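Visitor: So TrEMBL lists these for the protein:
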| type | residues | note |
| --- | --- | --- |
| BINDING | G61, L62, T63, G64, S65, G66, K67, T68, G107, N164, H165, Q166, D167 | GTP binding site |
| BINDING | T68, T85 | Mg(2+) binding site |
Amino acid sequence: MKHSFHKVSWEEKEFRKKNETENSVYHVTRPSKSCLKECFRALCCKGPPPARPEYDLVCIGLTGSGKTSLLSKLCSESPDNIVSTTGFSIKAVPFQNAILNVKELGGADNIRKYWSRYYQGSQGVIFVLDSASSEDDLETARNELHSALQHPQLCTLPFLILANHQDKPAARSVQEQLPR
């Protein structure tokens, strides 16, 4: 049985009103499948949004360098109650044309030895450096950066080295922080 809509004129409506009785039976027709498809397509189906490419990154740096704060800021999260990452966390950072899946690895001494276990599949590296840290911490950061740059799974990947905490009075210039 094929169902369709038809336009009812004003005169026909008036005629129906005059001739209605208590036992009137109304016949309701259903729209055709093609009509439903067209309406559905017009209302909400301009096609799925184009897929945004996803990139897997690893974010490393010593404790307190600002890795968690950086990712919270990129994800538009509140900077209140930020706690250093113990172990690792994963955040999807959405941009207009891509999504960055960032594995943030904790920077404590007892965790850094496990960093390399999380490198596989990474397509880029973010190394966050506290530019206001002590000489000893800066030397440790240099050693960790050198180690990451030479790691077989990372040595061919793009690196972003972020000198964080530049707003602090004790912050060093970029030249003072570059690997030797």
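Using the three backbone atoms N, Cα and C, a Cβ is placed for every residue, glycine included.
Set these features in their place in the structure for me.
Guide: Counting every protein chain shown, the Cβ of G61 (GTP binding site) has 26 other Cβ atoms within 10 Å.
Packing around T85 (Mg(2+) binding site) is summarised by its Cβ count: 18 other Cβ atoms lie within 10 angstroms of its Cβ, all protein chains included.
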Visitor: If you count other Cβ atoms within 10 Å of each one's Cβ, which of the binding-site residues T63, G107, D167 has the most?
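Guide: Checking each of T63, G107, D167, the winner is G107.
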Visitor: Find the one among the binding-site residues S65, G107, H165, D167 whose C-alpha lies closest to that of T85 (Mg(2+) binding site).
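Guide: Given the candidates S65, G107, H165, D167, the nearest one is G107.
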Visitor: Which number gives the other C-beta atoms within 10 angstroms of the C-beta of H165 (GTP binding site), all protein chains shown included?
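Guide: Its Cβ has 19 other Cβ atoms within 10 Å.
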